[in-house]
Amino acid sequence: MATNPFILSIDQGTTSTRAMLFEKESRCAFVARREFPQLYPEPGWVEHDPEAIWTTTLAVLRDALAAARERQRPIAGIGITNQRETTVVWDRHSGKPIYNAIVWQDRRTARHCETLKQAGHEPGVMEKTGLLLDPYFSATKIAWILDHVPDARRRAEAGDLAFGTVDSFLLWRLTDGKVHATDATNAARTLLYNIHQSAWDRDLLALFDLPAALLPEVKDCAADFGRTSRELLGRSLNIGGMAGDQQAAAFGQTCFQPGMTKATYGTGCFVLTNTGSEVVASRSRLLTTIGYRLDGQNSYALEGSIFIAGAAVQWLRDELGLISTAAETEDLANSLDHNQGVYLVPAFTGLGAPHWDADARGALLGLTRGTGIREIVRATLESVCYQTHDLFRAMADDGVTATRLRVDGGMVSNGWLCQFLADILDLPVQRPVQTETTALGAAYLAGLQCGLYHSFQDLEQNWQLESEFSSTLAGDARTTLLAGWHEAIQRVRSAP
Ligand SMILES: Nc1ncnc2c1ncn2[C@@H]1O[C@H](COP(=O)(O)OP(=O)(O)O)[C@@H](O)[C@H]1O
Ligand SMILES: O=P(O)(O)OC[C@H](O)CO
């Protein structure tokens, strides 16, 4: 292996695409980032143009390769991590998508899911996939495309079309159509993959009326995913790591032992607890998912998914105009001793775990004549912490208890948020030095595959604590705050 190489990570997220160069010891040496348009063709629909996903990926990749060249450093391998569940169907011959990418947040298939639920299919689906019948996941999105794009179903059955989550689509393009593959963590979010047998499931394909010919091969998270096309990048680089972004973040946080838990605060918030080789079937409407697969062995996780976290701060900035930057929220929240009884329930796209109430809508409660910007901002940050608390309570009901929480994502630069989180969870909250853990996790997977790392210990020694936040709140104050929150949640539920 060449000396002192970088690992290149592609992080294709919901609102932007990033490429980063990592040093072996986890320092990020370079970041390129491009945003791309969010498309809302109808209420409740969210789409991306797959060509925008592709062109932003190519642009950030080229920037990262130029940065490595400038520093005269080789690239050991590429890791890919991605927004999960988002669905692309493309023509195998031309490589062109036949419809826009239907994004994980899209609710257009709510009725399809409801029909399947009414017919009693949810318990069987949950048993095999660890997921619920919700429009969040890929299967009903694929069916929608086949049912609405002329001739798509026939072409799918003839083997002319390919389905992939964003990782697969990018891999196909990067390898010039040579590789149609995904990894176990992304496959586990489709509603078509049996997480016990580690195989696409024929009965699930029949239930959603989807031909197997659409599907990619499923690999380990550290595996030979092929090489980048020389025509495309001028270099043939090994793609050796792949994982959905939340699983990659848990890997980047080195949550390798059962019980270790991370929460990533970006657009949404996703809490994952490692459950090791044990598949914990949630009784509390959390998701069971594959945390990572290495050497053919699954490590499982319990997941709580909150759809709106940082997006609520963006709403304060862009829709309400109450702040001009997200960072201002810290001082505004800090300037109050108490929330003054004001609660925001940011159910802008319904409620995720553990409620899964697609029809709930947001509300601001407890307003008085004295309520101002500071109270609303504080209620917004508090809502992110209360939602996390509800996930932890659900996990505890499932017999999974965390003793501390590792946090990452754009929001955790907000120290007030981290402190309130520790107060409400009554748990130590640990913020690492490297909070770009999603991209780092993909880099670690690629680094394991190319032999830059040899064991989990190599990765664990990279993890460094930046700050630990511990609860300073008295128990009865916590109980009172949570009682106010739960009353607010009841007020917005569509069917309490
Ligand atoms: N200091 C801050 N306080 C509160 N929220 C913040 C702060 N900085 C960023 N955010 C929020 O974090 C989100 C960005 O995080 P990021 O991890 O980049 O998200 P994503 O990868 O989902 O696009 C935005 O929604 C933004 O509003
Ligand atoms: O792109 P992010 O960071 O908002 O993450 C999206 C999740 O993967 C959706 O499940």
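Cβ atoms are placed via backbone N, Cα and C, with glycine included.
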If TrEMBL gives Thr14, Thr15, Ser16, Thr267, Gly310, Gln314 as binding ATP, which of Gly177, Gly399, Gly410, Gly415 does it give for that site as well?
Gly410
Going by the glycerol site in TrEMBL, where Arg84, Glu85, Asp245, Gln246 are listed, which of the candidates Tyr136, Tyr193, Tyr300 is also part of it?
Tyr136
According to DSSP, folded down to helix, strand and coil, what is Arg18 (ADP binding site)?
strand
Enumerate same-chain residues with a sequence separation of six or more from Gln246 (glycerol binding site) and a Cβ-Cβ distance below 8 A; give 'none' if the list is empty.
Arg84, Thr264, Phe270, Leu272, Glu303, Thr438
On a C-alpha basis, identify the one among Ser16, Glu85, Tyr136, Asp245, Gln314 that is nearest to Asn414 (ADP binding site); the candidates are the binding-site residues.
Gln314
Other than Arg84, Glu85, Tyr136, Asp245, Gln246, which residues of the chain come within 8 Å of the glycerol site, judged by Cβ distance to the Cβ centroid of those residues?
Gln83, Thr86, Trp104, Arg189, Gly244, Phe270, Ser305
Of Arg84, Gln246, Gln314, which binding-site residues come close to ligand 1, meaning Cβ under 6 Å from one of its atoms?
Gln314
Within 10 Å of Thr267 (ADP binding site) (Cα basis), scanning binding-site residues Thr15, Ser16, Glu85, Tyr136, Gln314, I find Thr15, Gln314
Close in space, distant in sequence - Arg18 (ADP binding site), Cβ under 8 Å, 6 or more apart:
Ile10, Asp11, Val31, Ala32, Arg33, Val60, Ala439
